[in-house]
Amino acid sequence: MDSDGRDMVNVGTSKVEEKPQCCEVKIVFPTNVQAQQAMQVLAVDPEPTNRVAKKFRILQEVDPKNNKKYCMAVRFESNELKMLRVAVSSFLDYLALVIKTMEEFDTGMES
Amino acid sequence: MTSFKVVPTATDGPCREDSIENLKIPSAQEQFKSNHNGDTIVLGIEGSANKCGVGILKYSPPSSAETCGTYTILANPRKTFIPPTGEGFLPKETALHHQNHIVALVRVALLEAFPGEDKPESLLSAICFTKGPGMGAPLQSCAVCARTLSLLWKIPLVGVNHCVGHIEMGRIATGASNPVILYVSGGNTQVIAYSNQRYRIFGETIDIAIGNCLDRFARVVGLSNDPSPGYNIEQEAKKGSKFLTLPYVVKGMDVSFSGILTKVEELAKTERVEDLCFSLQETLFAMLVETTERAMAHTGVKQVLIVGGVGCNKRLQQMMEQMVEERGGSVCAMDYRYCIDNGAMICQAGILALQFGQITKLEDSWCTQRYRTDQMKTIWRAP
């Protein structure tokens, strides 16, 4: 895995009005292409219930050393903390699988 | 690349395409490219229940007008999640099992299919995956891997109906062009016949599947899940001699197993396990043979193909043979390599869809727990 910690996950909970519980997961990828690919793969599956909603976006951030960082940000919202936990937990499992597949088969990753 | 010993999983020779009497494969295709040898090779990922398998299948077109195209399995490794005795496989644990093994299985399959090849992925034309039916989380795990590979290797996805995968694998492996199909597994029990580009369900279970009935019985009497509960019941049944009467539930073309399970669980308190296994098998299989015979009589078809995990059972094959022989027909059955869920069967159904121009867009590559056999149009067969 790349040294910039692609598997680093920031989890934060805050309050919004319609769905009071929310959680945003941000994952940093080495390149924009990989961030986009991960988003495309993971955005296909709808949540099994409508009690949880999730939204994807790609962020470009700049770290303190002025390096560009490509982030996939996923925001989960729900009225129930339990549903939120289940959704985030299984999402992370699938994300880990995407990263594992990329590590094994993304030949362009080293370059 | 790490080097390790590859245990061969594909040992059979090529199967001739003319034996199954499909339509002629259209020549011009925009959806996919054949590789530089002129072959079409696909990778298939299966993981709808507790088996996780990756297959690689090659289609070689006819080299001249006199010869015939062939399908060859290049690799077909599989890994099975075996729960402890007395327990079944739960969705979350099974999904985790698949997530842990799928990437390694893809690598092992590529190593076996293309030994010494630097860029084996460049030889592939598509990734096939199971779209359904099955358990949600395990299906989704395999689909996530399939999608990632499709994006990385820039080749299309082909979503496959699991049941159609079983049927197409059975047809090509046995050379049965248009049989009546008995599909018996842990999650499905169906008698199927082909008509007008769909595999029609003639009869099915109205409650639990036959494999589910066997698995749950094995749990009650404490038989091991290794290698599979059905196999252990089959071995025990050979030692049984006393036939215990169990409910025999055939309703028209449909069958029901839940009442039998309740009864056999009750008898388990007093009777010997061997006799229970024996009686359970005899009763269940007799019901299946009866409905299959009715489907044969109705369609006028002389061949029966048995597919699905329970299809490995020798006693079932034997009872079916007896019935079919009396009708002057033949039974096509396979061994555990192809009966039990595997990646090559997803390849087989997938490559046919691909060759006839059917691919699945990334945004449509979601999985579904409910996907009936007759929902997938078999565009490769004559209407």
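Any Cβ shown, glycine's included, is placed from N, Cα and C.
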Requested in this report: Please pick, from B:ASP207, B:ASP215, the residue that TrEMBL records in the substrate site together with B:TYR183, B:VAL184, B:SER185, B:GLY186, B:GLY187, B:GLY230, B:GLU234, B:ASN313.
Outcome: B:ASP215
Query raised in the report: In DSSP terms, helix, strand or coil for B:TYR183 (divalent metal cation binding site)?
Result: strand
Query raised in the report: What count of other C-beta atoms do you get within 10 angstroms of the C-beta of B:SER185 (substrate binding site), across all chains shown?
Result: 25
Report task. Determine which residues of this chain, when B:HIS162, B:HIS166, B:TYR183, B:ASP341 are set aside, have a Cβ within 8 Å of the centroid of the divalent metal cation site's Cβ atoms, and list them as they appear in the sequence. Result -> B:SER48, B:CYS163, B:GLY165, B:ILE167, B:SER185, B:ASN188, B:VAL307, B:GLY308, B:MET345
Report summary line: As a whole number of Å, the Cα atom of B:GLY230 (substrate binding site) is distant from the Cα atom of B:ASP341 (divalent metal cation binding site) by 14
Report summary line: Densest Cβ environment (other Cβ within 10 Å) across the binding-site residues B:HIS162, B:HIS166 belongs to B:HIS166
**Report entry** Closest of B:SER185, B:GLY187, B:ASN313 to B:ASP341 (divalent metal cation binding site), Cα positions, binding-site residues only
**Finding:** B:SER185
